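Written out below as structure tokens is the structure these notes cover.
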Amino acid sequence: MIIAVDGPAASGKGTIAKALAKHYDLPHLDTGLLYRAVAATVKRLELDPTREADAVAACDFDELTLADPVLRDDEIGKLASIVSAHPLVRAALFQRQKRFANQEGGAVLDGRDIGTVIAPAAEAKLFVRATPTIRARRRHAELQGNGSPVTFDQVLADIRARDQRDSSRTTAPLVPAPDAALLDTSFLSIEASVEKAINLVEARRRKS
Ligand code: CDP
Ligand code: CDP
């Protein structure tokens, strides 16, 4: 069984994908980390994220980069959304994600284009949402916890800018797959979000 979990920043997709992987005993891939690793490599090598050739060169990142805590930085998230708009960057990361999705026994992947591009035949697709204000509140709390001095207004502005960039790009924009189940976590606790996600996956399994 392949489970595709997509949605915007801080919607809760990562938390939900991890919980689903545990529940169904499936391997999990946070695909955002791949784009974040490209972004961190662009930064480290002082390349230009807006130049496609520079961003493509960074796709050959050192595997150790994936474990670097710097990937969680807001600045890297922003850079990731710039490099991820280049079609050749998406193409460079495509096979790796596709292989993960199609491994024997199944997998859970979360990102922006799992249900639309990476695993269009996934048995269960969730599109996780929450209002921008609530997502900014969650992300702000996380960043504050990490000692970041960033303000709520700055986080909200960044979230809106990232939504805009991710939704408006021509290649693999952030849109729900036509057959995705929508899950709004705005007013749900983590536990309630996970329970609802499991129920939605179960409903899909019964259908297929
Ligand atoms: O956790 P959060 O949603 O803040 O970010 P992320 O999932 O780590 O993704 C960072 C950026 O990578 C996003 O803003 C997207 O531009 C890009 N991304 C993408 O284009 N496609 C994916 N499958 C995953 C991430
Ligand atoms: O992966 P994504 O960026 O979509 O979000 P996440 O990392 O799963 O969640 C972002 C933050 O929101 C985390 O601190 C979660 O614990 C929190 N969260 C929440 O407060 N309520 C939910 N229903 C889901 C997530």
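Each Cβ is built from the backbone N, Cα and C atoms, and glycine gets one as well.
The ATP binding site annotation in TrEMBL covers GLY7, PRO8, ALA9, ALA10, SER11, GLY12, LYS13, GLY14, THR15. The feature domain 'Cytidylate kinase' is assigned by TrEMBL to 3-202.
Compared over the binding-site residues SER11, THR15, the count of CB atoms lying within 10 A of a residue's CB peaks at SER11.
Neighbouring residues of the recorded ATP site, listed in sequence order and excluding GLY7, PRO8, ALA9, ALA10, SER11, GLY12, LYS13, GLY14, THR15, comprise ILE16, ASP110, VAL128, ALA130, ARG135, THR185 (Cβ within 8 Å of the Cβ centroid). Annotation note: THR15 (ATP binding site) sits in a helical segment as assigned by DSSP.
For ligand 1, the neighbouring binding-site residues among GLY7, ALA9, LYS13 are ALA9, by Cβ distance under 6 Å.
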